[in-house]
Amino acid sequence: MSPPPNRPKAGDSPLGALAPAQGAEGSLVNLLEFDHEGLAAFCEQLGEKRFRATQLFRWIHHKGASDFSQMSDLAKSLREKLAKRAEIRPLTVATEQASADGTIKWLFDVGGGNAVESVFIPEDDRGTLCVSSQAGCAVGCRFCSTGHQGFSRNLSTGEIIAQLWFAEHHLRKRLNLAEGERAITNVVMMGMGEPLQNYAALVPALRMMLDDHGYGLSRRRVTVSTSGVVPMIDRLRDDCPVAMAVSLHAPNDTLRDDLVPLNRKYPIAELLDACNRYLEAAPRDFITFEYCMLDGVNDTPEHAQQLVKLVRDKVSCKFNLIPFNPFPESGLKRSPRERVTAFARILQDAGVVTTIRKTRGDDIDAACGQLAGEVQDRTRVKERISTRSPIRIHREGQHGWSDTQNKQETKA
Ligand code: SF4
């Protein structure tokens, strides 16, 4: 892959200053790993007062500084101590791609042959960053490009927040934003990975997004998207409730077992119970159900009716229908537009709020389900997916399912 013309290097700051050069990488503590509380503990270890952490945290996250000498309100002695012990180490940008519709996708090198992607989606009234939580994903959903790559490792807190740190401060400069204006107003944990399978790193990163001295995002504007890790949904409700999206994609367990294999462990009824418990603490009074529309697989009027029966008067929710972005290994096709509209109408007529997602960035493979990065698979997820039996295709005019795969129908 060829780097973009202004490729940033590790150590570059969006403010233009360089991070401290001394010390081998790894010998210095990366302060991006610490939430506010963690930074306070680090300051104490240095023999400093805890309140110094607030100043430091603001310089790093609010102002995008990566050079301690820029931090003019810190005592010189502290700046010197920090330079000896710590650094602010961003991710290396491997490539940047910009779509005709303004969407920007960055591929970040996270070492060991792995790279993860983040996507910035600008709209009139907001700027959304889609953030990755893992290099690959072990869940292995049929329709997801990341899932087909297998799983390498969890990202650290610093690697998760570094995506936002880079995007926010890089875009502020690039878009020439005035002091105090924000580039990123919303974060969705919908990039590569299942965030709730990387819970320990996720929660401090969420706290940094919400922190007024950090990115100051409201809980309603930070969304965790999960395929349904039930126990962790409960923990997130207690630890750091933010908006929640659930990858549902099927109205019954038989089909969902096949599309989202985690369903075999946490079936739909348990998942919906967890959603209701989550809503007791959630900043929004609904769960967003993501539903990827797959031609002949989950997009019939019967499926829509089953969904209505599943959720109406049972869980406060909105549906987001996602036109599938085909990739060759999936063997799946996008539902025709008219079928998606008809599906939405059935839900809407039954009083279930439903939107159809606009596809963004599909000319740069940045649309939903297309994020692939580079993953050194350390699991057998990839192999398991490739040996799965073909998905059953519903044929027009038939009730129920065809048992054999029709190659014509499933060829992407
Ligand atoms: S949809 Fe989400 S949970 Fe499923 S494989 Fe893709 S990244 Fe993992």
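Positions of Cβ are set from backbone N, Cα and C atoms, glycine also.
Curation plays no part in TrEMBL annotations; they are all automatic predictions.
Copied from TrEMBL, the annotated features are:
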type	residues	note
ACT_SITE	E117	active site, proton acceptor
BINDING	G193, E194, S225, S247, L248, H249, N325	S-adenosyl-L-methionine binding site
DOMAIN	123-363	domain 'Radical SAM core'
REGION	380-412	region 'Disordered'
Residue, out of the binding-site residues S225, S247, N325, whose Cβ gathers the largest set of other Cβ atoms within 10 Å:
S247
What count of other C-beta atoms do you get within 10 angstroms of the C-beta of H249 (S-adenosyl-L-methionine binding site), across all chains shown?
26
For E117 (active site, proton acceptor): DSSP state (helix, strand, coil):
strand
Ligand 1: which of the binding-site residues E194, S225, L248 have a Cβ closer than 6 angstroms to it?
E194
DSSP secondary structure for E194 (S-adenosyl-L-methionine binding site), reduced to helix/strand/coil, please.
coil
Considering all pairs of residues in G193, E194, S225, S247, L248, H249, N325, annotated in the record as contacting S-adenosyl-L-methionine, what is the maximal C-alpha distance expressed in whole angstrom?
19
Would you mind reading off the Cα separation of S247 (S-adenosyl-L-methionine binding site) from E117 (active site, proton acceptor), to the nearest angstrom?
19
